[in-house]
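Q: Straight out of TrEMBL:
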type     : residues  : note
DOMAIN   : A:24-445  : domain 'DUF112'
TRANSMEM : A:26-53   : transmembrane segment
TRANSMEM : A:110-139 : transmembrane segment
TRANSMEM : A:151-171 : transmembrane segment
TRANSMEM : A:209-228 : transmembrane segment
TRANSMEM : A:324-346 : transmembrane segment
TRANSMEM : A:366-389 : transmembrane segment
TRANSMEM : A:396-415 : transmembrane segment
TRANSMEM : A:479-500 : transmembrane segment
TRANSMEM : A:520-541 : transmembrane segment
TRANSMEM : A:553-572 : transmembrane segment
TRANSMEM : A:600-627 : transmembrane segment
TRANSMEM : A:639-656 : transmembrane segment
């Protein structure tokens, strides 16, 4: 009762603060700005919040909070547009959405998928806020109960989703995940600073690859290239099927799935250090496991959209707990949020342990502003989804240059290096071949995303565990096998067993035919060669930096073993076996009027031109040439579209104060913005 | 002559002249870019975002001051980039932190920048407090004599980062502190301490006041020592923010086997100065003419002389001393030079204790 006695008045105060017209006005303003930023893949909340920072100084706290929260809250909602309509994962929150959302768009059901996603987001946001209102009061000890072994187990639970998404050949899925993990270890190790598959001569590699680039490369580039080769619209035959009403009904029919996934979202979001990277995969895995007929997953199953989308907005609410209670940001945007709160008003609100004691009303305002922003943002998005879905009926050749432009810009924003574009191209190439030979791309991405947490938590947990064991055996066992760990182990084992049984029916890449032996074999050999190189590279790290080499050695060893077993299988089995799956044998890609390399060359040309004359000039040349030559557009149409594309980039970058990749020309001559 | 005296005397004198000379520099309608070689989420971002709007108010013509982020390679990427910039129109500024200074001091192979080429206009610092868990804290009597048989665990960002200062201090005290590397920020270290996984921790002044103090009040943490502050003669004295907590120097003096002279002490002190009292510096690019430099110095001086500066700074970035003009130049020099002996000692210690080699 004690808790209620303090909570209820604070909750009342919070609502009194929120429900002022001027506060709601700022909230809507923030939401609209967030939507504008969020539809651009790769920018997300960090860019938007940085834009707002200069205005926060001395601003009335509740107004500033409304503005910022409005912006942060809708980014995981609005990036659904890019992931469903174009197959571009805008942020880590929308990766799992791509798996079923984009196939739905291809079937002409984009509006339905969007509406279902938005309804789920809205609901997830509200469930999250409701849950937090009570939970935030008792959250502190629970958050502290999640030590390193617990976090490691959650990461492993996330990894175990590979079992569900491994595809028809489990070994291939496992190898893909292993490859993702290995690619994730590239760069300077967190623990000892050893370099893995990197050198100080190429500083770009020492930081490792960014999630945005890998996400775009693995999902977006292969889809764009494939659609472009087929020269069609995203929605087959340019027809739109079910409208947004159907999507809302879909959500209602699956409301309990939505409730469960929302709770998964809040709970995992609460744990600091994991952030959103595992939430949507766990939610996706849960959706698969609780669906009776699994045959549609990967081909456009609406439950595959509802699950992850319910969890990712709820996660934002959960992420508030470590942010507000401990002053430890759960994500990049939350880190800026903390910094911005210090600038508000007279700086009285201090995020951290004193937040609940001194500012419970503000805490509740933040929780419910987040929920309210979700409502406003979702309604705007649903209203827009019918119209925006028509994009999927446009001939793809007209969309492609804009998409190449967007993903290049997004990739560049992640590190502001020219190498970002090269990395996007190379990862894109890997993505294209993973897709072609039916290696699970989701498994690869899960591996990549969880690479750093797996390594960090296992090293740190091991170190502290051995320290405890030195004190006494019991203390060590208590630390490693806490009740939470045991529960998580059981959940993981059950999910792996169920997952492996189900994996065969989930074909993320559709039914891929097998054909000749040569191409799949060559790809396998190339992957194996990379793994061998990476293993040797890790082996050469001196032993006093064991923490930097142990994970690459173990993971690389497992992945290589999978590859070698597959090699033997390839030698023994006939060329019609599923292990030789190859999209170029038959199906949409094989029948496409354009070849892979000639299509990819356009993208390469954009990057090459950028290297020489900088991004904007390269864009003018690329779009003009592409629209004239590939799309066969008239000069007038070409000029209008090119101008529109360049103007869009300039307005966006100008407003957000972002730069474009410079080229050799810019090194030699000083040019005015945006040409510099 | 030390930083403090310079900050208060020479700089003030120079600034009188500066204000007069800078009348011609005008930034009306311009945008000043303040580049920070870290991500949007770190302490340097907080620092720059705090100063940017204040600076905008004080610069002639009230230009917009925007903070731009160029993270990469532990800030060496941004610093290498800044090294290639030359003065154009005075609208570019750069900010570094201890994490930029340490690789420079330790001879990290990625460093291609030279601090002495740049023009410092403002420098600020901080302090730090180390604390123990309640159980081991009981054995702390102002010396580390009773702490030598205990194995401590410390969540660390890496031995070549700012954590070098606490790790070396504990080692000098003869304490057995095992660092768990790979955490992302001191906040994560504090969380590890709160969970009971780490048993010793340190926070910078503002973070200590913001979060760790609550632990001390609740009895779950015991403050051990501050790194101290520098007085006018360059001596380490008690941190004015924490007058009741002894400094490392005092604890060292009280502890058997710990010396406050000799090569270990000199090395520790050199890196302490680079990491704490002169932690963050704002630079103009090489070749900046005096009138532009003086304009910036005057603006920063006006910022720190605002009536409410002490109050808003304490809440937002901590009670940092702010150096401008000559004081900033002097501070920069102190914070970016260590003797060859100190460098050799630390490089050798890093290699022996943690197997860290910087080649």
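Glycine too: its Cβ is placed from the backbone N, Cα and C atoms.
How about a rundown of where these features are and what they're close to?
A: Note on the transmembrane segment (A:151-171): residues 99, 177, 268, 271, 273-274, 277-278, 281-282, 284-285, 288-289, 438-440, 442-443, 446-447, 449-450, 453-454, 457-458, 461, 484-485, 488-489, 491-492, 495-496, 498-500, 502-504, 506-509, 562, 565-566, 569, 578-579, 581 of its chain, located 6 or more positions outside it, place their CB under 8 angstroms from a CB of the stretch.
Under 8 Å from some Cβ of the transmembrane segment (A:324-346) lie the Cβ atoms of residues 44-46, 49-50, 52-53, 56-61, 64-65, 68, 72, 75, 136, 139-140, 143, 269, 272, 275-276, 318, 352-353, 355-356, 363, 366, all in the same chain and six or more residues away from its ends.
Long-range contacts of the transmembrane segment (A:396-415) within the same chain: residues 40-43, 47, 86, 88, 204, 207, 210, 212-213, 216, 220-221, 224, 227-228, 230-234, 421, 423-424, 602-603, 606-607, 610, 615, 619, 622-623, 626-627, 630-631, 633, 641, 645, 648-649, 652-653, 658, 660-661, each at least 6 residues beyond the stretch ends and with a Cβ under 8 Å from a Cβ of the stretch.
Long-range contacts of the transmembrane segment (A:520-541) within the same chain: residues 175, 178-179, 182, 185, 194, 196-197, 433, 436-437, 548-549, 552-553, 556-557, 559-560, 563-564, 566-567, 570, 579-582, each at least 6 residues beyond the stretch ends and with a Cβ under 8 Å from a Cβ of the stretch.
Long-range Cβ contacts of the transmembrane segment (A:553-572) within its own chain (Cβ-Cβ under 8 Å, at least 6 residues beyond either end) map to 169, 171-172, 174-175, 177-179, 181-182, 185, 517, 520-521, 524-525, 527-528, 531-532, 534-535, 538-539, 579-580.
Residues 221, 225, 228, 398, 400-401, 404-405, 408-409, 412, 418, 421-422, 425, 428-429, 432, 633, 637-639, 641-642, 645-646, 649-650, 660-666, 671, 674-676 of the same chain lie 6+ residues outside the transmembrane segment (A:600-627) yet bring a C-beta within less than 8 angstroms of a C-beta in it.
For the transmembrane segment (A:639-656), the list of distant contacts is 37, 40, 43, 47-48, 50-51, 398, 401-402, 405, 409, 615-616, 619-620, 623-624, 627, 633, 673-674: same-chain residues at least six beyond its ends, Cβ to Cβ under 8 Å.
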Q: What residues in the same chain, six or more past the boundaries of the transmembrane segment (A:209-228), come closer than 8 Å to it by Cβ-Cβ distance?
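A: Sequence-distant neighbours of the transmembrane segment (A:209-228): 41-42, 86-89, 91-92, 95, 98, 102, 183-184, 186-187, 234, 277, 396-397, 400, 403-404, 407, 410-411, 413-415, 420, 423-432, 434-435, 441, 444-445, 448-449, 588-589, 592, 594, 596, 599-600, 602-603.
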Q: If you average the pLDDT over the domain 'DUF112' (A:24-445), what number do you get?
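A: Taking every residue of the domain 'DUF112' (A:24-445) together, the mean pLDDT is 85.
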